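*Asks:* Let me give you the structure first, and then I'll get to my questions.
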């Protein structure tokens, strides 16, 4: 199946690397015009030059409401009315309840959670007349906290709650806007690689249906396929839903 997003306009935050990069490429391949934003301007500009005229890059601090306003205006001025928003940008910082630093916790909330709040607000404002899909990147840790990443877990739990609140609000207001979240266990991105303990190899953590069924990490393109599903009309009956890409971890309580 191709061209599932023909005629659609999408914005992907954190789109210059990792999952965001794979999402940008996949949505373009399915016919959408795709804007992507990132704090890394050099990487973003280089990628935009490679992707062609149906894409555009905007430097974006997702924790800044002023930046959001500028980005939304620039995207719609050049590409047209927004149909799909992927709130993907985020950070991962360690810290348990005894040793975690308040400044790290505040930064996690600002980038992982406040950005989604602002994005949903501005996404709804842009789509309420025409409809669309908002997709928030959460984590399995929103339901199964990681003790060494207490602040990160809390920031993603808030994303889960914000998603449901936004979906309910859109329904009650009569907006044809769907709001859903994706909850991966692990994604093998540069950010994850940097956090792995010494001696832990890609093969040890990566899920493989034949070689490592217990693996808890997935390649970014697998998660991008879930984003495509939620962005397309194939998921038209879904709003306020959570897609768990966790290989049954929640059911096992691990």
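For all residues, glycine too, the Cβ spot is worked out from N, Cα and C.
Because the structure is a prediction, the values reported are computed rather than measured.
OK, Swiss-Prot features for this one:
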ACT_SITE  152  active site, proton acceptor
BINDING   12-40, 61, 156  NAD(+) binding site
BINDING   139  substrate binding site
*Asks:* Can you tell me which binding-site residues out of 24, 28, 40, 139 are within 10 A of residue 152 (active site, proton acceptor) by Cα, answering none if there aren't any?
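*Replies:* Near residue 152 (active site, proton acceptor) by Cα: 139.
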*Asks:* Counting across all protein chains present, how many other Cβ atoms fall within 10 Å of the Cβ of residue 28 (NAD(+) binding site)?
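*Replies:* Taking all protein chains shown, residue 28 (NAD(+) binding site) has 18 Cβ neighbours within 10 Å.
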*Asks:* Which whole-number value in Å describes the distance between the Cα atoms of residue 40 (NAD(+) binding site) and the residue listed as 'substrate binding site'?
*Replies:* 23
*Asks:* Among the recorded positions 36, 152, which residue has the fewest other Cβ atoms within 10 Å of its own Cβ?
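*Replies:* Lowest Cβ count within 10 Å among the recorded positions (36, 152) is 152.
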*Asks:* Quiz question: given the binding-site residues 40, 139, which has the greatest number of C-beta atoms lying within 10 angstroms of its own C-beta?
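*Replies:* Ranked by Cβ atoms within 10 Å, first place goes to 139.
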